[in-house]
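Written out below as structure tokens is the structure these notes cover.
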Amino acid sequence: MALALKFLVITIAILALASSPSTASDPSPLQDFCVAVNDSKTTVFVNGKVCKDPKLVTADDFFRSGLNKPGNTSNQLGSIVTAVNVNNLPGLNTLGISLARIDFARRGLNPPHTHPRGTEVLVVLKGRLYVGFVLSNPGPNMKNKLFTKILNSGDVFVFPEGLIHFQLNVGKTNAIAFAGLSSQNAGVITVANAVFGSDPPINDDVLAKAFQVDKKVIDDLQEQFWWDNN
């Protein structure tokens, strides 16, 4: 395991060196929206986080431990993401980068999702993963192309910003992967949760027509997502 951790450290170092100050940044919004307001007393946050007084900054602002510990994969998907971003590592603010550990049980799935504000670089530390992403809507008479690959320990794969992607454990053991993201807060939209588990629910006429299925199928899916999350 010591060798594996050493490999991980080297990989992250290479990724850090590859990101020049001119590209490792967050030029776009860091939240879904930011409504303008004139009264400063009603403001919540700016694009990113308000800066701490430099005189009060300590080494702990740039430190977080715990990524050596496996996450709990005892859930319906058999996977868990442990994120390290500006919300739990304040020193990342304005640096345009974040990290996540992903643990997979056997046959565990990190389901189709997107990061609206960041590209993801994934490195497999242990196990065997089937990964892929789908291109955005193409031109007329074209389909959304799927790019997939089987990754083994030490392999790296890139998921471009905003595109739907996934990872499935196809090995015979648990799997571990680490992901670097090109934003301090890349955001995540899990497709199934967003479409079928929104609050309030999307009108079933909309979903039935979009997915070309009977409305009862949509009702059953929405009910299942409601029970799973309540």
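Backbone N, Cα and C define each Cβ position, glycine as well.
Annotated signal peptide per TrEMBL: 1-24, in sequence order. Under the heading disulfide bond, TrEMBL lists Cys34-Cys51. What TrEMBL lists as domain 'Cupin type-1' is 65-219. Marked as oxalate binding site by TrEMBL: Asn110, His115, Glu120. According to TrEMBL, the feature Mn(2+) binding site maps to His113, His115, Glu120, His165.
Locations of recorded TrEMBL features on the structure.
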residue: Cys51; record: disulfide bond; Cβ neighbours (10 Å): 11
residue: Asn110; record: oxalate binding site; Cβ neighbours (10 Å): 25
residue: His113; record: Mn(2+) binding site; Cβ neighbours (10 Å): 19
residue: His115; record: oxalate binding site; Cβ neighbours (10 Å): 23
residue: Glu120; record: oxalate binding site; Cβ neighbours (10 Å): 23
residue: His165; record: Mn(2+) binding site; Cβ neighbours (10 Å): 23
Candidates Cys51, Asn110, His115 (recorded positions) with Cα within 10 Å of His165 (Mn(2+) binding site): Asn110, His115
Cys51 (disulfide bond) versus His113 (Mn(2+) binding site) - Cα distance in angstrom: 31
Reported mean pLDDT - the domain 'Cupin type-1' (65-219): 94
Check: same-chain CB within 8 A of Mn(2+) site center, minus His113, His115, Glu120, His165: Thr114, Gly118, Phe133, Phe159, Leu163, Ile164, Ala186, Val188
Length of the line joining the Cα atoms of Glu120 (oxalate binding site) and Cys51 (disulfide bond), in Å: 26
Residues flanking the oxalate site, with Cβ no more than 8 Å from the Cβ centroid of Asn110, His115, Glu120 and excluding those residues themselves: Ala100, His113, Thr114, Leu122, Phe159, His165, Ala179, Leu181, Ala186, Val188
Cα distance (Å, whole number) from Cys51 (disulfide bond) to His115 (oxalate binding site): 25
Asn110 (oxalate binding site) and Cys51 (disulfide bond), Cα-Cα, nearest whole angstrom: 33
